[in-house]
Ligand SMILES: Nc1ncnc2c1ncn2[C@@H]1O[C@H](COP(=O)(O)OP(=O)(O)OP(=O)(O)O)[C@@H](O)[C@H]1O
């Protein structure tokens, strides 16, 4: 029974009132530390374990509003910490609720457009809730488990369910997932979910939402798609448009090079062989064949890279990103075949659907040479591409020094998301884009790609959008004469990368990755430490090996050294000392003539497991 208050309680009450006044003042004055956000102390421990010093602007603004229970629609640039901005208040409110009531049930549904993102968000929940893991159960619905297993996991009433709209709607339909106790709904990357064709799935989620669910929409761009979702899910939301205030020199420096189709390969060779860009790099290409062409081309010069595309098994994709983030690889070649369509400030919903349809049919991005040999629809079905794949959106690639748009994307929105893979969390980075002028389009058929047809028009849109954000897209100056000296070798390497070689490499890689993914899944579940023995950047060796190409002879080097080629040598040094040790070891290994045993990750794994 409660005791009546007497005068002895007055000092404590006064102190309490003062404390809340102070908190209100702080809130008004703005938040500057995580402690100011008055989050559960266990979450603060989780935050500090991740070495987050201060909240980012979107976290400062969105967390207090979400804690008050408001609907929030926030636009903040890529890499600005939006995940924590919605996860922390939700985790806090769930913990708070659990102190008094403990009816089990799913309180939060987080919808993301891709499996990779679902995995990433689940990992973020685990990290933030590391000190209250007993009290927070999260379930990722995009994992490849049977329906029966998924049903049984859901029957455990996880507090947080993370899914793509399609997975959520399928589980709602089968009554495995219940939204009866839902209090929070998040749609992350809300500018993208509709362009993935999730319209109907989102409609079915909306129909089953109980009244009063708090909705948070997070996006990097504000488009008509976000407006549609606002209409569907929000109740008078607070709209946050985080201005892109950055310190001078911070963020992404954006450059373009106008060049011919084959010159893209020439520049690629020179850039990586002479290490004009230091640090980790993501190379975006227009389709899957292009991925293998580029990898095989670089392989000719002894440059290692790994590949990401929608055809690879999801476990491989996740592992590649994880290892890249641990600095095991320097170069990822990612095909952006499910590109984000539409421009940032236009009504693009219809356009995107049309374009997606076109693409699903092998559409405008198919390479001319492969167009003639386009397999029949039936055949194409054999290799299933993952609809939920998306590499340019949301994935938190760590410490990326450079995003290289080897093939320019076909929309300014896509460009924004791609370049957002660098300069994350307040770091700096560089984006370099190759642009094929109209007069050079289709001038070198073997290296031509149809998406480059309108490069100049797209560049104009990109430049306009970036200008609106106060950013310049500058020409990257190359001394073409100095680069010319390398053309002969580039031609040699290109000739070795035949269509047959590409096809073989693609099939072989897929087969190997499928074996690894299935065969080793259980082992790695039991021994996660062994995962690092599986490398994904081994040589494909589908093209003729020309060992002389792996070295740059003295006579090719410009007199003034690298600086004579470009004065703008990109550089973002981000490695930790410990990472260096590991890399040196790997470089040594990579520079030796590779023997089958060394480059076969399966063999190195077996070798270890026998010991
Ligand atoms: N307060 C913080 N201090 C330091 N690092 C942070 C902070 N908040 C987030 N980060 C880190 O910043 C990176 C980007 O965060 P996050 O993925 O949430 O960005 P995002 O805004 O969702 O990006 P995108 O729009 O591309 O999805 C992550 O590595 C995350 O761990």
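One is the number of the first residue shown, and numbering goes on along the chain from there.
Every residue, even glycine, has its Cβ placed from backbone N, Cα and C.
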(Q) Please identify the range among 342-385, 386-429, 430-473, 474-517 that TrEMBL labels region 'Disordered'. (A) 342-385
Q | Matching range for TrEMBL feature annotation, motif 'Q motif', among 32-60, 61-89 | A | 32-60
Q: Write out how many residues of the domain 'DEAD-box RNA helicase Q' (32-60) are helix, how many strand and how many coil, based on DSSP.
A: 16 helix, 0 strand, 13 coil
Q: Could you pull out which residues elsewhere in the chain have a CB under 8 Å from any CB of the domain 'DEAD-box RNA helicase Q' (32-60), counting only those six or more residues past its ends?
A: 23, 26, 67, 74, 76, 80-82, 84-85, 88-89, 91-92, 95-96, 127-132, 240, 242, 245, 425-426
